[in-house]
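Engineer: I have a structure I would like to understand better, so I am pasting it below and will then ask my questions one at a time.
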Amino acid sequence: MQLSNRLQVPARTIMTPGPVEVDPRVLQAMSSSILGQFDPSFTSLMNETMNQLRKVLQTENHWAFPVDGTSRAGIEAMLCSVLEVGDKVLIPSFGRFGGLLTEIAERCGAEIHSIHCEWGSVFDPAEVISEIKNVRPKVVAMVHGDTSTGRMQPLEEIGHACRELDVLLIVDAVATVAGTEVKTDEWKIDGLITGTQKCLSVPAGMAPLTYNDRIEAILLERKSIEKGLVTDQQASNNHRKIRSNYLDLSQLQDYWSPARLNHHTEATTMLYGLYEGLRLILEEGLDQRFKRHRLNERALVRGIEAMGLSLFGDPHHKLPTVTCVNIPEGVDGDSVRSMLLEEFGIEIASSFGPLHGKIWRIGTMGYSCQQRNVLLTLASLEAVLLRHKVKLNVGEGVQAALDVYQSKERIESV
Ligand SMILES: *Cc1c(COP(=O)(O)O)cnc(C)c1O
């Protein structure tokens, strides 16, 4: 029998909106021995992970824990645990991931009300608030930073309006947590989901989330149906049960509580990675981490513009962790990306739907968000574009980025 080759993984510089590079300390943590999921050494790690998560998510919520699976498992857990058949949900969508919220909410049997804005822009909060007053939904589900268009939606006003109108706000903050400010409590977000492989800089495979007691009340009520406590109306209430077992937050929170009620087998190795990743974030400090993301974003943006390329989308609502670059006319965007990967070992992303072939997306997230990576990307992109016969301001991209790194701006921002 012919054996396959031993695992060989090429070295890469990853400048996409995820998955991104991971600090060696996280990889090292993930090579630790397996612990049983009820081993006290492991359960104390679970508790400590919850503590760290509350700090990173800027919340006092009791519940803050990861769901096993990628980010969308967290989104699905939140939506299917909260939404019942026929519930009204308002989804203001400004990119592909608004579409994901819609697709998941639909499968929960919710009555969907969507509003859209042009890709590359975001909503005026007043427009969303007036739609909330129109529709009177149970839930508003929104993306904070949509990586497909590189835009970030201001949420604070919407959050306060939701609270006043007694509507729940559920937010996909997969692309923003640990890369830019996300204030769960201050912005009155009731349920928030993130993912590991973006700015948390941990491999894909867990979806940390948090929710407050407004959401917990719904979970407990639906769980009492599950247990048959609401006996008189049980038959007519059966359709209100949470449809998923794996993603049922009412069961998951029992596993993350001191009761440790058995549910699934925890992904212990992933938890080591998340634990260490969160520790790295808190060691760096949230403010410092956001400044680092802003500095590298600025250097990248200045470099791209100095080279003679242009940026896509409304600059006032740019997502700081993703930079969208217009592909110059007549250039095959995928050919440029392939050459970057094959010749330089650098990966950047294309985009989806109406933007496919029109923009490249360059991520500056987590461990990938560093000076070395930004300078290498600018220099390599220039070289590849010259090979594709694009007219550029040769040499100016890297110089402009260096100016940012060596200037007063750096001192002020770091
Ligand atoms: C990447 C991303 C997701 C999807 O995450 P998966 O981990 O692939 O399930 C969801 N929302 C946003 C905003 C993202 O950027």
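For all residues, glycine too, the Cβ spot is worked out from N, Cα and C.
OK, TrEMBL features for this one:
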- 37-350: domain 'Aminotransferase class V' (DOMAIN)
- Lys198: N6-(pyridoxal phosphate)lysine (MOD_RES)
- Arg361: substrate binding site (BINDING)
Engineer: Enumerate same-chain residues with a sequence separation of six or more from the residue listed as 'N6-(pyridoxal phosphate)lysine' and a Cβ-Cβ distance below 8 A; give 'none' if the list is empty.
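Structural biologist: Result: Pro17, Gly18, Pro19, Val20, Ser71, Thr147, Val174, Ala175, Val177, Ala178, Gly179, Thr321, Met365, Gly366.
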Engineer: Give me the non-local Cβ neighbours of Arg361 (substrate binding site): same chain, 6+ apart in sequence, Cβ-Cβ under 8 Å, ordered along the sequence.
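Structural biologist: Once residues fewer than 6 apart are set aside, Arg361 (substrate binding site) is near Thr16, Pro17, Thr147, Ser148, Gly150, Val322, Thr323, Cys324, Val325, Ile348, Ala349, Ser350, Ser351.
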Engineer: Name the secondary structure element type, per DSSP in three states, that contains Arg361 (substrate binding site).
Structural biologist: strand
Engineer: Limited to the domain 'Aminotransferase class V' (37-350), I'd like the whole-number average of pLDDT.
Structural biologist: 96
